[in-house]
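Participant: Handing you this structure, nothing more for now.
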């Protein structure tokens, strides 16, 4: 996985709640031009749980087409880490095969949500999906959403026994897990999935981030990651601290509710539309977002 900085892309909707493909393409181009290494379509932030199978595949397709046709400032192509998560292994497997077929560089697969599988069930789930493709696979541990954690021994076993499982997105909130994973397997790539811990995870052995805030501030997220990779940790910390209030504001309600509203307020998407059961943020949250964006000089 030859990338380090990436954003968990939002999925913009039109007023009729269909996917706004033109806006989606525009957002991806902005990521490319502002220095991100990769984009992550249809993950949690992309509201994958309320997309149809056809919409899910189309979003992956748009991301791949846009990255292929838009060069980065260094004249390369931004990588696509395609989200293929589902609580049905068969559906994740189908999405993984599709993503590989149309040119995804790697896939991100969240643990099955609601089912609450055992550790053996998680092992078989990930093994089955990974063995169906040849491209790299990133595990995704976010127990606050899935109801179950990929325990450290299970994650290590998957890395050791399944050749194309190369990385894990850590959104557990536990730095202890990060240090354990890095201690036992230095080549197991760890990506931060929690913006408030980006610097801490990078300092503890992480090699990159998958950021929600990066939708709005891709340039600063990219700069922070690049500083950390060069072991310029003080500079990275300064950027992390600069983003502190924005990170806080973007998670006062369930993700991606605040980030979509922030993107709308910043003029980056026309409609801050959500599919039920997600709803628009409260008046208080909108006021907080406006104040925060003014603080960062995103809006006047």
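Cβ from N, Cα, C; glycine included.
From Swiss-Prot, here are the annotated features:
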type	residues	note
SITE	44	site 'Part of a proton relay during catalysis'
BINDING	45, 210	pyruvate binding site
SITE	114	site 'Part of a proton relay during catalysis'
ACT_SITE	140	active site, proton donor/acceptor
ACT_SITE	169	active site, schiff-base intermediate with substrate
Participant: Between residue 44 (site 'Part of a proton relay during catalysis') and the residue listed as 'active site, schiff-base intermediate with substrate', what C-alpha distance do you get in Å?
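Facilitator: It is 12 Å, counting Cα to Cα.
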Participant: If you measure from the C-alpha of residue 210 (pyruvate binding site), which of the recorded positions 114, 140, 169 fall inside 10 Å?
Facilitator: 169
Participant: If you count Cβ atoms within 10 Å of each one, which of the recorded positions 114, 140 comes out on top?
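Facilitator: Per the Cβ count within 10 Å, the most buried is 140.
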Participant: Mind checking which of 44, 45 has the fewest other CB atoms within 10 A of its CB? They're the recorded positions.
Facilitator: 45
Participant: Identify, in sequence order, the residues in the chain of the residue listed as 'active site, schiff-base intermediate with substrate' that are 6 or more apart from it along the sequence and have a CB within less than 8 Å of its CB; answer 'none' if there are none.
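Facilitator: The list for the residue listed as 'active site, schiff-base intermediate with substrate' reads 108, 138, 139, 140, 141, 142, 191, 192, 193, 210, given in order along the sequence.
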Participant: If you draw a 10 Å sphere around the Cβ of residue 210 (pyruvate binding site), how many other Cβ atoms fall inside it, taking every protein chain shown into account?
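Facilitator: For residue 210 (pyruvate binding site), the 10 Å Cβ neighbour count is 32.
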Participant: Through the lens of DSSP with three states only, how would you label residue 44 (site 'Part of a proton relay during catalysis')?
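Facilitator: Residue 44 (site 'Part of a proton relay during catalysis') sits in coil per DSSP, no helix or strand.
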